[in-house]
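Peer 1: Below are the structure tokens for one structure; questions will follow.
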Amino acid sequence: MGSSSGQKPRRLEDLVDKLASGSLSHSRLEKELGNANEAALVRRLYLERLTGASLSSVASTILDFQELYGRNIENPIGAVQVPVGVAGPLRINGDYARGDFYIPLATTEGALVASVNRGAKAITLSGGARAKVIKDGMTRAPLLWTPSVYEAHRLAMWVEDRIEDLRSVVAGVTRHGRLQHIYPYIIGNLVWLRLSFSTGDAMGMNMVTISSDRICRYIEENYDGDAKCIALSGNMCTDKKPAAINKILGRGKYVVAEAVIKGEVVKNVLKTTPQNINLVNVTKNLLGSAAAGSHSFNAHFANIIAAIFIATGQDAAQVVESSMGYTWTEVRGEDLYISVTLPSLEVGTVGGGTRLPTQRELLALLGVAGGGNPPGSNALKLAEIIASAVLAGELNLLSAIAAGQLARAHELLGRGGLKIS
């Protein structure tokens, strides 16, 4: 027993030596050891020896890399931690999200949780937020080559005429997704096929990518003209990049959240007036964004979306397009109407990072962990919750700017000004 336990550290040190000499690659460690957790340890030991840095905090994690390797991570060395706070309760009156919710926000930005919290209070005191998903469809846009514009146009018509055949192709790939629409777009002799899919409770990028690949194969094998797929993603999807097409046609969940904030709540909680909030929104979010050439006509959608994405295991890179959208305000008598529109909110409750234990717990906190009943309902509920949280964040920031409170809030909460004792 003693000799075998002594052999194990020696073997790990031997593997560190092999990494250092270049005779073993990091990508082969799991196969060499048969254990992803031990492979992570060896990588840390190697990196500590190489750089002199201590990775003891990175090593401190509840994650089991045996469960994650090959699904969520390659070459693991540990994990990072981000503080999580909650804002709420936030009352939501949506088609799927109904009730009072505490919103988990993973962030290192002081004042963000407090900002959403005050906005949530104002919304809840005014009866709650209404939320609705207008459209739901994840997109992928393969790019096909043809020899001429005439062939490109013929291909586009051929594809549109065979949408039922293509739906059958997709049905053979997944039981959770369905091909909804095809939008052909022609430039010269090239054809983009913007394919839109329903994806159930998954965000769906893996599903739509595999389905799009099968569609391209079907076209190449069955089209009676000259066409070749040259890129499975032709950037008209558009994934992880700001793009007007996502704002116009939507990608993921096209969702709106709105509320009418009572005049006395604006005065007593937000410390300003509906007129001042409306003025800031029109001049800052609308005119200022237009003058800057921004794709986003809002104050800080990305703050809230990034914090919830990290907390709930969404694809953090998709904050780029998910945070594009519009904040709209109107003065209605003594009250303030405010809405946020997010045309391309890309979220899911199964797959990807939603499998991680801490993220799954926070999805459960919101009542959306795993698949919904009926299928797709949990992802729609999560979209309504996120949009309502964004509404709370926008309402508070516009109010803080209108009341001249923004700098003071960051001095107090973002620079260590708030003390427990």
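Placement of Cβ uses the backbone N, Cα and C atoms for every residue, glycine included.
For Glu109, Lys240, Asp315, the entry in Swiss-Prot reads active site, charge relay system. If you look up Swiss-Prot, you'll see His410 marked as active site, proton donor.
Help me picture where these features are in the structure shown.
Peer 2: Cβ-based neighbour count (10 Å, all protein chains) for Glu109 (active site, charge relay system) stands at 16.
Counting every protein chain shown, the Cβ of Lys240 (active site, charge relay system) has 16 other Cβ atoms within 10 Å. The secondary structure of Lys240 (active site, charge relay system), as reduced to three states from DSSP, is coil rather than helix or strand.
Sequence-distant neighbours of Asp315 (active site, charge relay system): residues of the same chain at least 6 apart with a C-beta under 8 Å from its C-beta are Met203, Met205, Phe309, Glu346, Gly352, Gly353.
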Peer 1: Can you tell me the CA-to-CA distance separating Lys240 (active site, charge relay system) and Glu109 (active site, charge relay system), as a whole number of Å?
Peer 2: 23
